[in-house]
Amino acid sequence: MDLRERIDTSRMSPYQWLIVAICTFLNALDGYDVLAIAFSSNQVSEEFGLSGTALGLVMSAALLGMAIGALILGPVADRIGRRNMTLIALVVNCAGLFLSATANSATELGIWRVVTGLGIGGILVGTNVICAEYASLKRRGLVISIYTAGYGVGAAFGGMIMVSLISSFGWRSVFVFGGALTIVAIILVLALVPESAAYLYNRQPANAQRRLDAIARRLGHPGPVVIAPVPASAKADTGIPALFSRRNRRVTVVVWATFFIIMFGFYFVNSWTPRLMNETGLDDTMSLIVTVALTLGGAIGSVTFGLFTGRWSTREVLTAFSVVAAILMAIFIFTAQWIALVLVVGVLVGMFINGCIAGLYVLTPQSYSSTLRSTGSGWGIGIGRFGAIIAPTATGALLDNGWSPQAIYVLVGAIILLAAVVLLGMRGVDVEANRRPVRAGVGV
């Protein structure tokens, strides 16, 4: 029995859904972390006397760590195992969160935010691939979308908790609570998440047979697992240079450019919406409520994206979501005068921009071979985080130079529209991301 084929074609077991749930919880930690610095920004700025540009640098520090972590740790995950990498990254992330709560200056906070980001980068490259590989072929798009929705859920519920924590205990309590959540995540992964089956097949460590047999039993496939020799072509399709092989280079360019653009827009709206809504006249509480609306919409958008991939290819759905997200981003700030309207549009902005993020996490594993997935995902995420780094810093600089919130949102909308143009470059490439799903013959 080839366990990978059995996973692809069989009904998903309760254990597979449990793996998805734990990976989704880990992605929720990313959502919590981004909102942690966004919600704390006013208090941090006041305590350390930061300008808009300086605050943007602090907000971007974790994103720099995420970029470095994803770029470096993605290839490492393909070598040492996606589960092992996830555990190491969780420990690093936990340390960064607790140390952030001890910062006595903006410089210290920035350093510990970089450490936190390194951990998150490693978590993402591990869990994204594990989640995809333990989903059936029919449900893979939906599963990754549920996984991505974890970001919005973590941000939404985390945001609600943060409002209370900040008002009662100050901004440092937000990071202490995040560290405690990460300890819970470490325990869950140690107890319940298996190593990637594809990794065990491709790398074939000494205990691969025993581990695959154990995984098969937990998945409800008790037959003996057959491990065949790894083809030479699979061995060649590994490492960073393979991203630019004749087979992969076109996909890599599209994935990197789309990640950069979408992450730019996503982190702009999640990092700066509280401050920019405040600039337009909303009070602190209402600005935070609008931000929570964004994150609630994000959770909806991720799952919605997955439902659409049941009918159209991932690339087609991602292109459509990019166009709608661009239009909504451009008009969002102009609705701030009407509370009900800004909340509705905020939910829609969150829905479509987070749907785009879901699309990227679905599209990337579908675009590379199993031996290159963590490397491909890691470098896509890493390049995207550079867009995320630039967005908060550039926004702070634009504000310092007299740009209005309205002009900034329109500019970001135009940038997001470029993603739809870039995705046209992937048409005709023979990868799973370009194929419309087969609508019959596979169980749930």
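Yeah, the Cβs are placed from backbone N, Cα and C, and that goes for glycine too.
Not measured: the values here are computed from a predicted model.
Feature annotation from TrEMBL assigns transmembrane segment to 12-29 (among others). Outside the transmembrane segment (12-29) by six or more residues, the chain places 86, 90, 93, 120, 123-124, 127-128, 130-131, 134-136, 139, 143, 146-151, 153-155, 157-158, 178, 181-182, 185, 188-189, 192-194, 218-220, 443-444 with a CB less than 8 A from a CB of the stretch.
Here TrEMBL flags 19-431 as domain 'Major facilitator superfamily (MFS) profile'. In the predicted model, residues of the domain 'Major facilitator superfamily (MFS) profile' (19-431) average a pLDDT of 86.
Per TrEMBL, the feature transmembrane segment maps to 49-73 (among others).
Feature annotation from TrEMBL assigns transmembrane segment to 85-103 (among others). Non-local neighbours of the transmembrane segment (85-103) in the same chain are 26, 29, 33, 65, 69, 73, 76-77, 109, 112-123, 125-127, 130, 172-173, 175-176, 178-179, 182-183, 185-186, 189-190, 193, 374; each lies 6+ residues outside the stretch with a CB under 8 Å from one of its CB atoms.
With a threshold of 8 Å between CB atoms, the same-chain residues lying at least 6 positions outside the transmembrane segment (109-130) that come near it are 19, 23, 26-27, 29-30, 33, 37, 44, 48, 57-58, 61-74, 77, 82-83, 85-86, 88-97, 99-100, 102-103, 144, 147, 193, 196, 198, 361, 364-365, 373-374, 377-378, 381-382, 385. Taken from TrEMBL, the feature transmembrane segment covers 109-130 (among others).
The feature transmembrane segment is assigned by TrEMBL to 142-167 (among others). Long-range contacts of the transmembrane segment (142-167) within its own chain (CB-CB distance under 8 A, at least 6 residues past either end) are made by residues 20, 23-32, 34-36, 39-40, 43, 127-128, 131-132, 135, 173-174, 177-178, 270, 285, 288, 291-292, 295-307, 309-310, 350, 354-355, 357-358, 361-362, 365.
Among the features that TrEMBL reports, transmembrane segment is placed at 173-193 (among others). Counting same-chain residues at least six beyond the ends of the transmembrane segment (173-193), those with a Cβ under 8 angstroms from any Cβ of the stretch are 18-19, 22-23, 25-26, 29, 32-33, 36, 39-40, 83, 86-87, 90-91, 93-94, 97-98, 100-101, 130, 158, 161-162, 165-166.
Residues annotated as transmembrane segment in TrEMBL: 251-269 (among others). Sequence-remote contacts of a segment are chain residues at least 6 beyond its ends whose Cβ falls under 8 Å from one of its Cβ atoms, and for the transmembrane segment (251-269) they are 34, 63, 243-244, 294, 318, 322, 325-326, 329, 332, 349-350, 353-354, 356-357, 360, 363-364, 367-368, 376, 379-381, 383-388, 390-392, 395, 412-413, 415-416, 418-419, 422-423, 425-426, 429, 431.
Sequence annotations record features per position, and here TrEMBL assigns transmembrane segment to 289-310 (among others).
Panel annotation: around the transmembrane segment (317-334), residues 258, 262, 265, 269, 276-277, 280, 301, 305, 308-309, 342, 345-346, 348-349, 352-353, 355-356, 359-360, 362-363, 405-406, 408-410, 412-414, 416-417, 419-420, 423-424 of the same chain, lying at least six beyond its termini, place a Cβ under 8 Å from a Cβ of the stretch. The transmembrane segment feature in TrEMBL is assigned to 317-334 (among others).
The feature transmembrane segment is assigned by TrEMBL to 340-364 (among others). With a cut-off of 8 Å between Cβ atoms, the residues of this chain six or more beyond the transmembrane segment (340-364) that come close are 128, 132, 140-141, 144-145, 147-149, 151-152, 255, 258-259, 262-263, 265-266, 269, 273, 277, 289-291, 293-302, 304-306, 309, 314-315, 317-318, 321-322, 324-325, 328-329, 331-332, 373, 376-377, 380, 384, 416, 419, 433.
Taken from TrEMBL, the feature transmembrane segment applies to 376-395 (among others). Counting same-chain residues at least six beyond the ends of the transmembrane segment (376-395), those with a Cβ under 8 angstroms from any Cβ of the stretch are 53, 56-57, 59-60, 63-64, 66-75, 77, 117, 121, 124-125, 128-129, 240, 243, 248, 252, 255-256, 259-268, 271-272, 276, 360-361, 364-365, 367-368, 408, 412.
What TrEMBL records for 407-426 (among others) is transmembrane segment.
Same-chain residues lying 6+ beyond the ends of the transmembrane segment (289-310) with a Cβ under 8 Å from its Cβ atoms: 31, 35, 38-39, 141-149, 151-153, 155-156, 159-160, 269-270, 273-274, 277, 282, 317-318, 320-321, 336, 342-343, 346-359, 362, 437, 439.
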